[in-house]
Amino acid sequence: RTESGKRAVFNRAMTTWNSLQPQVTPQCARVSSRRWLNLQEYQSKKLMQESGVTVQRFYVADNPPDALQAAKRLNAKEIVLKAQILAGGRGKGVFNSGLKGGVHLTKDPSVVGELASKMLGYSLTTKQTPKEGVEVKTVMVAEALDITRETYFAILMDRACNGPVMVGSPQGGMDIEEVADKSPELIFKEVIDIFEGVRDDQALRMAANLGFKGPLERQAADQIKRLYDLFLKVDATQVEVNPLGETPEGQVVCFDAKISFDDNAEFRQKAVFAMGDMSESDPTETEAAKWDLKYIGLDGNIACFVNGAGLAMATCDIIDLHGGKPANFLDLGGGVKEKQVYEAFKLLTADPKVEAILVNIFGGIVNCAIIANGITKACRELELKVPLVVRLEVYIGALWSEMHCLKQTNVKVQRATSKTEILIINIDKRYKC
C-alpha cells in the first residue's frame, strides 16, 4: 500500500471520532506506535456471522472452478464477485490481465469462473495500492441484495467517555466525515456504559434515529446489540458498518464492515490474530514487527533511529525542516533490548536508499548503554558503510567510551551532544541533518 494508505489505516478510528465532534479542535495527523491487524472482507464477515449479525450469504474461492461452483451453490438471483485485497477502491481498480474492476455483478453464475480466472493470480491496482498493484489470491462470491436505504453505524472507543460510543447516521453509503461536516445534525451518538452494555432503549433509540420504522426498528436494534457483542468478543477498538442497509424484502443487513482490533489483546485473541493477512504488508515492516519495532518506510535517504513515537515524528520533521528527507519512521519504544537495536540497524542498512543514519535517543525511557552496545555490535558485524550521527541524551558523557570502539572501524562517526548540534553536523557534503 502507499504511504498515505498506511497512515489512513493506522488513524482511521481516531479520525472518524474527531470528525464527529465539531466542537473539538482537529488533532494533528500522527503515526501510531502500534501495529494493526488487517483482515480481508470475508474474514470480517465470518466474525460477524459467528456473532449472529446478518450478512450476505457468501463463499470464498482461490481458483476459478471453485468460484464457479460457489456461484451455483448460492442459487441467488444476482451474484457479486469481489477480489479480496486490503486496499480500498476495488470497484474502480484495474487488473494486469486487462479486466477492469475488482467488483463484478452478474445474474449468470456460469460467467463467474471466467471472471475469477482474470482476477486470481493477477495484480489489481487501485488508488490505495502500489503502482504495481497487489496480487489477488482469493475472491469472495456472494449473494447480491438490493438496498432500499443505506445508513451508517459504528461502535468505537472514545477516550473522553472512558469507553465505547455508538455513532450512527441515516445517511450511509458515503464518507461519514463528509456527513459530519455538512449535516452534523444527522450524526447521533450514544455513550455505552461498560458495566451495563447497550440497553434496549439505547438500541431502539439509535435504530429510530437511523430511520428504521415498524418491525425494522426492532430488527435494527437487535443487530446493534449483536454488533456490540462482537465488539466485546474480539476486543475491537472499532466496528464500523457502512452501509447498514434495508432491503426490499424487509431485512436489515450489514453489507460492509471494518473492524479494528486492540493489539494488546493478542494474547487472548490468538484465533483472530492468526487470521491476519501479512502478504500485502511491506516486507520490511513485517520483519520489524517480529522484533516489536514500529517501522514505516518513507521516500527519503536519511534513516531515523529513535525511541518514542513523538520524538520519532519530531526527528522526521526536523530533518525535513532543514532540507533533508527521512527514509523511515522507526520507534524503538521503551524497554528495548540490545538484539532489537541490532535488528533495527539491519533493517536500516538493508534499504538501498539510505545514505546516512541519525540516532536520536532520549534516555528517560531506555537505558542508553543498551543502545550504545547494540550500535557498536551492528557497526562491527554489519560493516556499516554510511555516515552515522548519534545523540544519546542522559549520561552521554559516560557512554561515549562505549562508542569509542566505533572509531576503530571504517565508519564515520561524529558525536552530537544537543539537538542544535545534530542540525549542524555535516554528515555528507550533499545535505545537512
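Glycine residues also receive a Cβ, built from the backbone N, Cα and C atoms like all the rest.
Just so you know, TrEMBL annotations are computer predictions that nobody has curated.
As recorded in TrEMBL:
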type: DOMAIN; residues: 38-245; note: domain 'ATP-grasp fold succinyl-CoA synthetase-type'
type: BINDING; residues: Gln56, Gly89, Arg90, Gly91, Leu145; note: GTP binding site
type: SITE; residues: Glu78; note: site 'Important for substrate specificity'
type: SITE; residues: Asp146; note: site 'Important for substrate specificity'
type: BINDING; residues: Asn242, Asp256; note: Mg(2+) binding site
type: DOMAIN; residues: 306-393; note: domain 'ATP-citrate synthase/succinyl-CoA ligase C-terminal'
type: BINDING; residues: Asn307, Gly364, Ile365, Val366; note: substrate binding site
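Shown here: features listed in TrEMBL, placed on the structure.
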residue : record                 : Cβ neighbours (10 Å)
Gln56   : GTP binding site       : 17
Gly89   : GTP binding site       : 14
Arg90   : GTP binding site       : 20
Gly91   : GTP binding site       : 13
Leu145  : GTP binding site       : 20
Asn242  : Mg(2+) binding site    : 21
Asp256  : Mg(2+) binding site    : 18
Gly364  : substrate binding site : 12
Ile365  : substrate binding site : 14
Val366  : substrate binding site : 21
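The binding-site residues recorded for this entry are Asn307, Gly364, Ile365, Val366, and the Cα of Asn307 lies nearest to that of Arg90 (GTP binding site). Distance from the CA of Asp256 (Mg(2+) binding site) to the CA of Gln56 (GTP binding site) is 10 Å. For the recorded sites Glu78, Asp146, counting C-beta atoms within 10 A of each C-beta gives the highest total at Glu78. Using Cα positions, the member of the recorded positions Glu78, Gly89, Val366 nearest to Asp256 (Mg(2+) binding site) is identified as Gly89. Whole-number maximum of the Cα to Cα distances across the GTP-binding residues Gln56, Gly89, Arg90, Gly91, Leu145: 20 angstrom. Geometry remark: Asn307 (substrate binding site) versus Asp146 (site 'Important for substrate specificity'), CA distance 51 Å. Across the residues of the domain 'ATP-grasp fold succinyl-CoA synthetase-type' (38-245), the predicted structure has a mean pLDDT of 94. Taken residue by residue, the domain 'ATP-citrate synthase/succinyl-CoA ligase C-terminal' (306-393) breaks down under DSSP into 41 helix, 19 strand, 28 coil. In this structure the residues listed as binding substrate are Asn307, Gly364, Ile365, Val366; their two most distant Cα atoms lie 10 Å apart. Nearest in space to Gly89 (GTP binding site), taking C-alpha to C-alpha distance over the recorded positions Asp146, Asn242, Gly364, Ile365, is Asn242. Other than the site residues Asn307, Gly364, Ile365, Val366, same-chain residues with C-beta atoms no more than 8 angstroms from the centre of those residues' C-beta atoms, the substrate site, are Gly308, Gly334, Ile361, Phe362, Gly363.
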